[in-house]
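Asks: There's a structure below that I have some questions on.
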């Protein structure tokens, strides 16, 4: 019998070794109460990952309960690997967003690559074929070498995995701000399509049913990855490089295809990806959802090397693995399938009726834990928050140089073209991509139909820091507008909540207020939350990131035919829809001129968002519009310049605003370009100019901005290239 040298239960207690795993004294005591004895080394490791912030949401769960999660189209909401929403004709869209922030800070290529791989497996575990990838990325300012290195590595990792596995990257966002120095945000989203009768759940039930492991052999990579993702980054974080998982997209592709075949077998009982906390979370969660027990015989787990202990097996986050429960007597059918795809697989245990999570190795018991308390009784913390205090600041915007300001904003990497990154992603694999990255939302045809899925992934930070409640509403509305801009009906959303240490009162209050705003917007815009992720402790040496909720939203296009002519032409009329107010607090103009965030009472009208959005969407479907863009960062001035640069053509517009108000970021506004001869009936729409002129010209109440189109386009397209040409 193999002997593993591990601390005893007494040594764990006396030396408080559980603290190194992320458990507090009170949490350790709760484990003792649940077990009725002191836990051994494997057991305390299991509790530490299952009760980590990453797996248990112990600081955010009360806020997540505010979100509306049901609707007439929602087939499956939070609690499974991903959300499932009906799109008609017995089909559904499956989607989720996940974070891989901490791993990407330490090992950017693998951190990003495994983030993509993990979210793909979440979608596949439901039984859906992935059709879209999206990503939301944030780094420190691109003038710094370290940020260039992180950016380069993350983009390469996303492309390296996504391109190999054969899923197009269709949309996303990339921003740069000093608040993300040392703590980049890497959020990945995947969207898939499934028939209703193929939807799977991660459940283990049926006494005696075998448990099958399939995928890469288990190694020591990623041990305590979930715990690592639940703590602040520090100078010691580099030593935790082994906590970063290693991806293998070629095995990932084979696993995806094998899984999609396995879900067609009626003998499949349940399936779940081995993601955060690996074999521990997948097996214990499946047992909990099935109201069953589970017994794993760990000597049967395929391992990469000899001598891997039960503790290491259970906490490893080796990638490209799935766990299945199948009907007793049919296991060989599944093993033969996986052998056909040249994947390692084995029966490693069985479902029991004991309600216990039991782990043995060659007959020796290494863990015996009640299932429900492990899965469902993680502590939940309700803390005292405190609103951040802002000094009263009244910045003077009266004497800006509009032309110089426009060029500076347009060429800042946050607002410049992201083609440097998108060109490294396969955008067309599968031949169903209709709208590629770079515009409001990605659009992908549903194969064999006239339908299409529009998807967007949007985050907000400076406004959430400025006013968390209103900022929370804004991030949901931004995603809604981006889907409206391609004529789709917004259906539902997934969220990724990226914040600092929730044990700090101001950050806890940011989380509380912003999620309240998000929940209100979800209700008003009829976009229920069907899946999501929380990433807390995003701090470096005690400095927190801006609170950054990220929203992934999907929309339905019933008939893609209108998209054939959805493009602007020379002579089309440009309309501005909305109104401009002197809203500068949290804006990119404020950042450019003063490099800070001043508190303002910026607000959003959700009722108006719905009315305006519906009107614009109907105009697109009716073929009256050639292009639509929601006005966002940089205001109407930057948005018009981006449109001109994207199409490399001039435009002329006259606006009843001051020079500074060209860059005000008043919420709810759009630029729409109407086709010649088409009547526009949108409340708040005003004709402001013409598309397709020789030069780029904006007139304000104070003067005129005139720019050479080629110069402007080169500045917009070349900004990130210029930063990345130096050796990184």
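Cβ atoms are placed via backbone N, Cα and C, with glycine included.
Pulled the feature table from Swiss-Prot, pasting it below:
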{"type": "ACT_SITE", "residues": "54", "note": "active site"}
{"type": "ACT_SITE", "residues": "100", "note": "active site, proton acceptor"}
{"type": "BINDING", "residues": "57, 96, 495, 532", "note": "ATP binding site"}
{"type": "BINDING", "residues": "98, 533", "note": "Mg(2+) 1 binding site"}
{"type": "BINDING", "residues": "99, 100, 101, 102, 121, 245, 317, 318, 319, 535", "note": "substrate binding site"}
{"type": "BINDING", "residues": "122, 273", "note": "Mg(2+) 2 binding site"}
Asks: Could you give the Cα-Cα distance between residue 317 (substrate binding site) and residue 54 (active site), in whole Å?
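Replies: Their Cα atoms are separated by 13 Å.
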Asks: Using the centroid of the Cβ atoms of 57, 96, 495, 532 as reference, list every other same-chain residue with Cβ within 8 Å of it (recorded ATP site), in sequence order.
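Replies: Neighbours within 8 Å of the Cβ centroid, excluding 57, 96, 495, 532: 64, 78, 97, 494, 496, 497, 529, 531, 533, 534.
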Asks: Any same-chain residues 6+ apart from residue 532 (ATP binding site) with CB under 8 Å of its CB? Would you list them in sequence order, or say none?
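Replies: Listed in sequence order, they are 64, 67, 78, 96, 97, 494, 495, 496, 497.
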Asks: Hey, of the binding-site residues listed (98, 273, 317, 495), which one tops the CB count within 10 A?
Replies: 317
Asks: Take the C-alpha atoms of residue 122 (Mg(2+) 2 binding site) and residue 98 (Mg(2+) 1 binding site) and report the distance between them in angstrom, rounded.
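Replies: So the alpha carbons of residue 122 (Mg(2+) 2 binding site) and residue 98 (Mg(2+) 1 binding site) sit roughly 10 Å from each other.
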Asks: Can you tell me how many other Cβ atoms are located within 10 Å of the Cβ belonging to residue 99 (substrate binding site)?
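Replies: I count 26 other Cβ atoms within 10 Å of it.
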Asks: May I ask for the distance between residue 54 (active site) and residue 533 (Mg(2+) 1 binding site), taken between their Cα atoms and rounded to an integer number of Å?
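Replies: Residue 54 (active site) and residue 533 (Mg(2+) 1 binding site) have their Cα atoms 8 Å apart.
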Asks: Cα distance, residue 273 (Mg(2+) 2 binding site) to residue 99 (substrate binding site), nearest Å?
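Replies: Given the Cα positions, residue 99 (substrate binding site) is 16 Å from residue 273 (Mg(2+) 2 binding site).
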Asks: What does DSSP say about residue 319 (substrate binding site): helix, strand or coil?
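Replies: DSSP call for residue 319 (substrate binding site): coil, neither helix nor strand.
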Asks: Once the chains shown are all counted, how many other Cβ atoms turn up within 10 Å of the Cβ of residue 319 (substrate binding site)?
Replies: 29
Asks: Do me a favour and check the Cα-Cα span between residue 100 (active site, proton acceptor) and residue 319 (substrate binding site); whole Å is fine.
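Replies: If we compare the Cα positions of residue 100 (active site, proton acceptor) and residue 319 (substrate binding site), the gap is 13 Å.
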Asks: Using residue 57 (ATP binding site) as the reference point, find which of the binding-site residues 98, 101, 121 has the shortest Cα-to-Cα distance to it.
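Replies: For residue 57 (ATP binding site), the closest Cα among 98, 101, 121 is found at 98.
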Asks: Per 10 Å Cβ neighbour count, which of the recorded positions 54, 96, 100, 121 ranks highest?
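Replies: Top count of Cβ atoms within 10 Å goes to 100.
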Asks: Enter the number of other CB atoms within 10 angstroms of the CB of residue 101 (substrate binding site).
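Replies: Total other Cβ atoms inside 10 Å, all chains included: 25.
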